[in-house]
Every structure is written in C-alpha cells, then in structure tokens.
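Participant: Encoded as structure tokens, here's the structure I'll be asking about.
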Amino acid sequence: MKSTQPSQDAVVIDRGTEDELWCIGYRDNCVKRTLLYVLSLVTLGLPLLVLHWKPDWAVKLTKTQCPLRQASTVLVKDTYGQTHAQDVTVKEVTAGRIVADYNCEDSDISSVQSDDDTVALTTNPQEKCFVRYFEHSHVRYIWYRGTMSFSPIRGLDSDTTCAMIHEDFTGLNEEEQLQKQHLYGENSIDVKVKSYSRLFVEEVLNPFYIFQICSVILWSLDDYYIYASCIVLISGISLAVSLYETRKQSQTLRDMVSSGGATVQVVMSSGEMVETVTSQLVPGAVILIPTRGCMMSCDAVLVSGNTIVNESMLTGESVPVTKTPLAPSEANEVYSPEMHKRHTLFSGTQVIQTRYYGDSKVKAVVVRTGFSTAKGELVRSILFPKPIGFKFYQDAMKFILFLCCIATLGMIYSTTMLLVQGVHITKVILRALDIITVVVPPALPAAMTVGTVYAQNRLKKAGIFCISPPRINICGKLKLICFDKTGTLTEEGLDMWGVATIQENNFLPVVQDPSALPSHGAFAVAMATCHSLTIIDGEIAGDPLDLKMFNSINWIMEEPGKDTTRFDSLTPTVVRPISMDTYYSAAPETVAYEVGIVRQFTFSSSLQRMSVIARVLGASHMNAYAKGAPEKIASLCQPDTIPEDFHAVLHSYTRRGFRVIALAWKTLDERVNWLQAQRISRASVECDMSLLGLLILENTLKPQTTPVIHQLKNADIRTVMVTGDNILTAVSVARQCGMVAPRESIILASAYVPEEGKPALIEWKNIGDEQMEGENTADENGVEDLGIVTYQSACIDVSKPRYHFALTGRSFAVILQHFPELLKKICVRGTVFARMSPNQKSQLVEHLQALGYCVGMCGDGANDCGALKMAHAGISLSEAEASVASPFTSRTANIECVPIVVREGRAALVTSFGVFKYMALYSMIQFVSLLILYTKVCNLGDWMFLYIDLVITTTVAVLMGHTGAYQSLVAKRPPGSLVAPRIVLSIIIHVAMVAMFQAAAYFYLTCQPWFTPAPHSATASTVNSWETAVIFYVSCFQYLMLAFCFSKGPPYRRPIWTNGR
C-alpha cells in the first residue's frame, strides 16, 4: 500500500490478495457541507471543481470519520494506492435464514439513507431485516455481523464442499431465491454506456479542457478573437471525436458481453421446472442445460450429464472441451472453479451439445453470477485495468510542473517590466496570465499521443491490433519477453512419431505406425478410449493431441443416437476398429474391437493426467485407462510393471524434443457396475495400474521462431520460456531455438518441501550440452549432480559465467515458500519454466516486474490470459475473443509480431520524446519572444500567434510522428526518462541557444541606421513594429529548425527523408 497507515477505524478487506482494500467509514456532517457550499458561492464554484477531480477530498471535507457500522460513505484504497469514494446502500428485505447473518440493527442504519428504489418485501411489518452494502469495481461488499465488517459476496466458490453441492443444493424455493437476489444483485454484466450529455460534462470538466476554456477567455479579453475562435473550433472537433469514440468503445464492449433477455429452466425445491430470465439467477439455483446448447450467463458446476463447450471467449482455446459432472468425492474437499474447471461451465462460454442418460437431464448448480463470474472478472479487468505506471508519463507531469515554475518567473518579470513602463494594470494582468498559456501549451497532451497513433496504424497494417495505445510506448522499453511453447514457439499440431510398448517389463522396439498394433491389445484400446473427443456435425473434434492419437490407430468413434442400442442408453461413446473384417471374425471371448466409454475423468493441469472407465463388448468387467505425464503415470503404476530403464528411455526421447505421453491400465472389480462407475472416486481408479508404454509425438519448431529469438538476443532482450510441458522437452526446444546457446550450461533446480522433520531442499543438476547430445551422462536422467542446498545454506557456486536455470512449477512454488532469498537469482538467471500452471505464469511475470524488468508476454491464448494481462505488453496469437484481455493481438500465429511490436514501440517512444521536447522548446521560444517584446512594450499579433501555433507547430508536431520504425533492432534501448541528465541538458542548451539568437537578432536590428523604435503603448499591444517583425521571423525559423533537430532517425526510426512513405 502506497498510503500511510490508516486510522483505527480502517478495516482491511481481502488481506493479502490482489483485491485487498483499506476501508474507512464516514457519515454526513451538515456543518461541513454548508461551509463548503458557502465557500463555493464566494469563489464561483472553484472548490466544487477541485473536489470533482479529487472525490476523496470531497468526502473528507463534507463528512466525519466514523466506525464502519455507522458509515453512509466509505473511502476504499486499493493495492495500487488509488482511492475511491463509495456510498453505502441499505435494503429492507424479507427476514429469513439466508439473510440472517447479514441483518444489521436499527442503530447501525440510523445515519444511512435507505435505497429509495427498494420496496419493502416483508408482509409482516414487525419482521424487518436490513442489509447494508457498497459496490466497488462491480464487486458487492456486504455488511457481515459475524466480523462487524464488509466482505465481498461472490458465490459458492468458497468453503463449499463437493458433497454439499450434491446434497444441499437441490433447488431453491421462491422465498430463498428472492432473498438471494437482494444479496447478490442481478445476474448481469451491464457495462454502463453514458449519454453524450454526461460524457460532454465529464470531458469538459477535465483539467485540460478547463485550462483551454480559461485560455480562450483570456485571449478573448485580449482581443485575440480569431486565434481563440480557431482553438475553440479545433477543440470542439477533438471533443466531439473523443466523445464518439469513447461511447462507441463502451457500446461495443456492452454488446459483446450482453446476454440479452435469455431465459433458462430452473429446478425449484418442489421439483417444479420454472422458466426464468437469466438475470434473476442466483448462486445455489439449479438450472437445466438445454439439449440444443446455449450461451452460459453464469458460472455453474455440472451435477449430472455431460456437455461439450467452446471456451474460446475465456481461454482462447477454440477446440471443444468436454465437461463432466462433479463427483461428490470426499466430504471435506472444497469446491474450486479453478481446481474443478473440467466440471464447471463458465459464463460467456458456448455449450455446443449435451449428453445425458435415459430420462435424466443435464443439471448444473449456479456458483457465481454477474461480475463475479469468469466472464465478469475478464470484463472488470478491461474496465479497471492495472495502472501502467510508466516513468515517461510521470516525468512528463514533473516537466509540466517545471514549466509552470518558469511561467511564474516569467509572469514576475513581465509584470515588473510593464508596470515600470507605465502600462495599464488591466493589460499587465492579461499579459502576465498570457505567459502561462505560452509556457504550458494547451496542445501538449494531445501532441504527445502523435507517436502512438501512427504506430497503432502501422501495427494494424501489419496485422497486429492494439486496444491499449499507451502500451505501445512501453514496448519500446521491453527488456524481457516470456514465451509460451506449444502453439507459440512450436507448431500447434503434433505429429505421431511412434509408440514404445512394454512387454514382460521391457521396452519393445519403437512402432512407427500405431495402426499396426494388435487391435485387441490394451495399448491400442487405451489410445482409442483415453481421450475427450466428441462428434460435432459429423466430425470428430477435440484436443489436437487426442485427435492425432486417435486418428493414428484407424478406429471409428460413434456416439449414441436413436438406433444405438448395443450398450443401451447408458454408454455415451463407442469406439471400434475401422477394419470390419477383423471385427466380424473375432471370437466373442477375445473381442476388444468395440468398446464403450462408460466414464471420463477429464484432464487436470494439477494432476497432469486423464483417465476413463471403459467396457469391452461382451466382457464381464470394466477396465480403466490413463494417460498423462510419464512421471505422473509411472507413480500410479505397480513398480514391477515399470522397466528398469524407464527414466533413461524417457530421457532419450525428451532430450531430443519429443512430446512423450505415458499410457497405463488396470482391470476393475467385476462387481463394479455402471452406477458404481459413475460414483467411484478418481483416486480409486488411478492407482495400482500397469504401465503400457510411451506415446511419442513430435512437436516441431515454427520456421519463424529461431530467427526471431536471435533478433531479440541481438537486441539485448532476454527471452524466457514459460510452458506447461515436460521440462526436458522444454530445455530441448530452448536449445533448438537459440534461447540457450550451444555451449551454455542449464542447471536444473529441483525443490522439495520439508518431510518428516527434514528441511526443504533444492537439488542442482547440470543439463549440459554433452548430456543433451547423449554423451557422458552422469546418471540415469542424463544430468550431472551439482549438490543439494538446504534452507540453512541456500547458495550455489557456479564456475561458468554463462548459465541458465530450469525448473518446474512445483519447484517454483517451493522456492517461493521456503527459499524466498533465492527467488531473485532464479528470476534473473531462469530461462526455462516448465509444468507451470496459469496462475504460476502470472506470478512469474509479477516477480520479474518487481525486479525492474519491463516484461512482455507472448502466448496463443490457452492458459496464458492471466500472464498476458499481468505483463507490461501482452501479445496474443489468438484471434478469439479472449484477446480483449491482451493489449496486442496478432492475426499471424507466430512470433514474428514480437520484434515488430518492439520496433514500433521504440519508434513511438522516441517520437513521443521528440514531440515533447519540441513542444517544450516551442513554448520556450515563444516565451523568450514575448519577454523581449514586452520589454519594448510590443507584442505578437493575432494572426502571428495563429500562424505559429496552427500552421507551423501543429503541422510539424503531427508530421514528426509520420516517420516509420527502423527495419532492425539494436542492443541499446531508447531513454525512458524525460528528466535524465542528458535530456535536461539538451533542453537547457537549446533554450540558451534560442534566447541567444533572438537577442542577437534584436541587437543587430537596433544597430541598423534605418531602425526606428516602436512607439510607447499603454496597452503593450504594438504589433506593427520592427521589433515584432524581426522576432517573429527569427522565431519561425527556430520552430522549423528544432523540428529537424528532434526528428531522430536510426537506430529507432527511419531517416527523416522517408517521412510520409
């Protein structure tokens, strides 16, 4: 928190999370409010204008601090140091079990105004129940009597066990639904679209426009009507365009997230089905998912039936995802949308198909609504983005303050000179105030956006779309870029390389064509059943890896229809070999050619595996098949089924960059029937299995990857791989693409949590070039042991100056918890981060930023959204709607866009620096000109000001940004600070030279025999004079020459003569 320690009445909400808030209560104070209004009347509303800019000041000046339980307004301060004022609302609702914990006493609401729009919902006047809440960033914080504090109310995703979801949430009655509606509010993601009139008022009250309005009034009083009219016209056009674009963006976002007036069937506690508008849904309600599919308007967890969902809106993953019912599991397992995402239907995702058994319906329990849903969180991140905090903009404000100080000195000088020469006091005041409009030009903020506007247009032509133009400048300072692997550095699709089966505890020779495997063998059946594929519009669809695996064995998949009765309606999917001759000739007792998939345990990122329960036609028992990360699958298998050289064989493939998947199986007890298969726990199935072998797939680098990585390394931009894949596969890809040079060492850091009284430890192992090539392997994993580091001695002595760390997500989590002192070294030297969860990717980006890196993130959208939002510059390679969470989206699905974004960022940053310095020097030139002329009681004319400001300055400032980015990247990054000594010295020298030449021109003029001094004027408005003409002409040339000085070319922009090409 950036603020000082709050008072004792402050309360911390969501401590330790990114949503942490400091909350301080205030109540109305009539005396303070009255005094403020009186002061505002006396000062023509100036205090009200200032308080409009600083709402927290308004609360402190009109209200009295008090305990939260008596507050009518709260001041909340977030983790970024931003303060917001929110009104506390009171609602009168029907008393009942659900709202009992949120009821507040009459004494607590005596100072709080009730919601005028709320109708009393109780039929008995004696049974009153009041709830108090405020809303911040579209999250409702409700008063909870148990803690005497406000708490965010989100849904059923906290402290709700899986067993409770099945047992306690079977439907709500009307009274419970009504109470929850008033607790949670409407289930809608309503993006407010402000009217043009409101937008106009808010924009006009912006300090920039207030300054312009004051300037126009000043110029009009000084008879500069033409100049003032032109400024009003230009500002009016700019304002109109700004209002149109702002409202259009809000309308576009609203249309994108709006669910309209859709309806859904809700199961009531009585068992009755009621058609309800989706906006009335509440957590705990049970809904039916229609067979024709639908767009989800809430987050809900499946309790019966299967669904096939397109989640591209949230994850960027366009492949269909199968969702299965949540198992009751252990009674104490807490439900989590993230941990149980394979059972959760998220808001904004499209349900394509449903699967149910017999007369059962596909039911789901609503867990989150409105802005608390996954879609709502995404929209909130767009509406309330993390402050960029770019030093360039902070320095710009400091520099403007510096210009104001110079303007103050100029006012003092001009006032003194004009008073000494007998100028009328009214004109002295006007001339002094005019100095402010000269030194701090009103067009400065607009001129600074020129570089980003042109860069955004050039990026658009290159197929790269930017929804956050200020981020373009930040791209010019990128020092480190994180890359996802699959789909980003490597091809999205996988090619089948072969299978290594196991027989009698030994690996057999690799089979290049899996279709040649025996159809009745367990390995072929595992490949045919252990997947999440489905049939959509007659085509098999699903995960690319599953598709490649299934298609390689030449089997057929059928899903049940009206005529599919071989396994009755309880079996959703059937697979069989494509060869019908083999099918018909097989003996019944050995048939393994038609298999029904009875149940599916979908892939889990945390478990790194999936499994299915299947039944062979005619068999008396069911089998379980599993596939996943080799290390995980091996840990589930009986030791006597794992070959002794398992790790060596696995390493021989992973070090060559192959994607390796292990398969295993086991026979279930004959007493397990269909009903028991639906209720059996995952842990009971995924244990004591037999290892079948390895599935080996080839994931090749994209042709653009290696050249781009070399470009970035030559530009001294560090590259890091952050992937969910196997660590040795990731290391191999890192070497292939050039992230790690051939002779550089990679040190594998394996961290382990404390066990049985032993401290946490880290094992350091060297994965050298020799090991990757298969020479001189130091152990069975082909790595050289460098030693163990315990919690007490967290250090490592690496002799080689060039080395890289590689570690898994599990080790990363252990280091965060037990070795925080090593985190900096890991972040500085870490190049390969494998088996990273989406949340860990975001954590890594955040820790890199904390070390001072300007971090970019490039991913294909799947599991990368959090990191893309967290990074300074997120570049999504997915065109899915999830790209709205990323500042940049590339139409071309390879990393060639990264150096383009960096080049344009550097060009835009250099342009912004150049334009800023030009505008600062332009104001200084005019400042010097006026001081010289005021000394002689002269001034520039109306048309002269117009010519300088519009014809020269505006045209030059706009055209300065038209020069394109340089064709290549260099190691040196452009400066990022306006107050750097070199920048400040440059401006000072230019100001001195400008003043010297204008003074020299003036003195040269006075030495001419034909020179006649300007006559004395009591208004200091003499325009027709030699002094005015000379100063005007000299300054015009200075404006033009400075434009050339500040229009820099290589190595960040093209030469100035290419401007406009």
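Cβ atoms here come from the backbone N, Cα and C positions, even for glycine.
As annotated in TrEMBL:
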type     : residues  : note
DOMAIN   : 152-224   : domain 'Cation-transporting P-type ATPase N-terminal'
TRANSMEM : 35-53     : transmembrane segment
TRANSMEM : 199-218   : transmembrane segment
TRANSMEM : 224-244   : transmembrane segment
TRANSMEM : 399-420   : transmembrane segment
TRANSMEM : 432-455   : transmembrane segment
TRANSMEM : 915-937   : transmembrane segment
TRANSMEM : 943-962   : transmembrane segment
TRANSMEM : 983-1005  : transmembrane segment
TRANSMEM : 1025-1046 : transmembrane segment
Participant: Does the transmembrane segment (1025-1046) reach the transmembrane segment (399-420) with at least 3 CB pairs under 8 A, where each pair is 6 or more residues apart?
Facilitator: no
Participant: Take every residue in the domain 'Cation-transporting P-type ATPase N-terminal' (152-224), average their pLDDT values, and give the whole-number result.
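Facilitator: In the predicted model, the domain 'Cation-transporting P-type ATPase N-terminal' (152-224) has a mean pLDDT of 85.
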Participant: How about long-range neighbours of the transmembrane segment (432-455): same chain, 6 or more residues beyond its ends, C-beta under 8 Å?
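Facilitator: Same-chain contacts beyond the flanks: 208, 211-212, 215, 218-219, 222, 231, 238, 396, 400, 403-404, 406-407, 410-411, 414-415, 418, 469-470, 472-473, 904-905, 907-912, 914-916, 918-919, 922-924, 926-927, 930, 949, 953-954, 957-958, 960-962, 965.
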Participant: Based on Cβ pairs under 8 Å, which of the stretches 35-53, 224-244, 399-420, 915-937, 983-1005 lies most in contact with the transmembrane segment (199-218)?
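Facilitator: Ranking 35-53, 224-244, 399-420, 915-937, 983-1005 by Cβ pairs under 8 Å to the transmembrane segment (199-218) puts 224-244 first.
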Participant: By Cβ distance under 8 Å, which residues at least 6 away from the ends of the transmembrane segment (399-420) in the same chain are close to it?
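Facilitator: The answer is 427-428, 431-433, 435-436, 438-440, 444, 916, 920, 923-924, 927, 930-931, 934-935, 937, 978-979, 1020.
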Participant: State the non-local partners of the transmembrane segment (35-53) in its own chain: residues 6+ outside its ends, Cβ under 8 Å from one of its Cβ atoms.
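Facilitator: Same-chain contacts beyond the ends: 61-62, 205, 207, 210.
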Participant: Do you know the DSSP helix, strand and coil residue counts for the domain 'Cation-transporting P-type ATPase N-terminal' (152-224)?
Facilitator: 41 helix, 4 strand, 28 coil
